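Student: Annotated compositional bias 'Acidic residues' per TrEMBL: 335-344, in sequence order. Taken from TrEMBL, the feature compositional bias 'Polar residues' covers 345-360. Per TrEMBL, region 'Disordered' is recorded for 327-360. TrEMBL lists 65-106, 106-147, 149-189, 271-303 with the feature repeat 'WD'.
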């Protein structure tokens, strides 16, 4: 029986959502952080364009990290969701206590910072941005100067630890580079004839997911050798591989989300996901859902297997012979059956959090 995708829409951001990341699975579940471009010319701290922390399986807002003065381009959580890091247009990266929301340190840069990534033990932070340098900060010695790696010829869009933090992957406009952490030297590079729009690293299997133009390419993270690639019908801004490597999802300029079978390359689903271009997509650590962030200022959560009872989704089958499509409902505490029907009705989204104005 056909099932219809009913996304959860997380309101709160008022500007384009440009980055998102999940934590690992903790005793308290898993968490989601999102980064949002600020108002143009914004100087005073405000919730517009501030990174937000949410419960990963429901999208419930937990808190907003206040402190950056402008657009936030990158955001990440460490594995156990105790720390967050953000990269911003105010020439800083910040490290936060993800439990209390307090700012732990500000790391000054010489230009816009675009990307941040923790080592597995959370002791080091990798940053990259418009000044074309990779920086490695020892978070136990915040006053110490960072180690710097040069070699990129344009602004760095993404930088990630890989191979158990022994190597680093980084992407600028048309190049992906692999670096050795110990020697701080380049191991190998990939050149593209168009702009690289996103990069995701999958530790299990050491797979690198790169998007450029309409292409979604998979490479070995160890050697950068190609594994396979898919072509999408539109320009893709971001793609993510399911933890069990069954599916991949991608989103881009045509407002649509595409889901493919990773092994065969067959397109399994596509649907309009947002009211603007999609900037980022990521699977949750358990693979049950994926999140998407868009130019329209919203984050949306989507079920990997539509109709499963999970998070706020509750599978409800229609009465036999009614001719209706089966559809998942989204269940809220103390919600009447009539309200649930309305929530799950055709083309409706559930908006369940008001714009947060304060830090958690």
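Positions of Cβ are set from backbone N, Cα and C atoms, glycine also.
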Student: Do any residues of this chain, six or more beyond the ends of the repeat 'WD' (149-189), have a C-beta under 8 angstroms from a C-beta of it, and if so which?
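Tutor: Residues 74, 111-112, 114-115, 117-121, 124, 126-136, 195-196, 198-199, 201, 203, 206, 208, 210, 219, 221-224.
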Student: Let's see if you can do this one: DSSP helix, strand and coil counts over the repeat 'WD' (149-189), in that order.
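Tutor: DSSP classes over the repeat 'WD' (149-189) add up to 0 helix, 22 strand, 19 coil.
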Student: Which whole number is the mean pLDDT over the repeat 'WD' (65-106)?
Tutor: 96
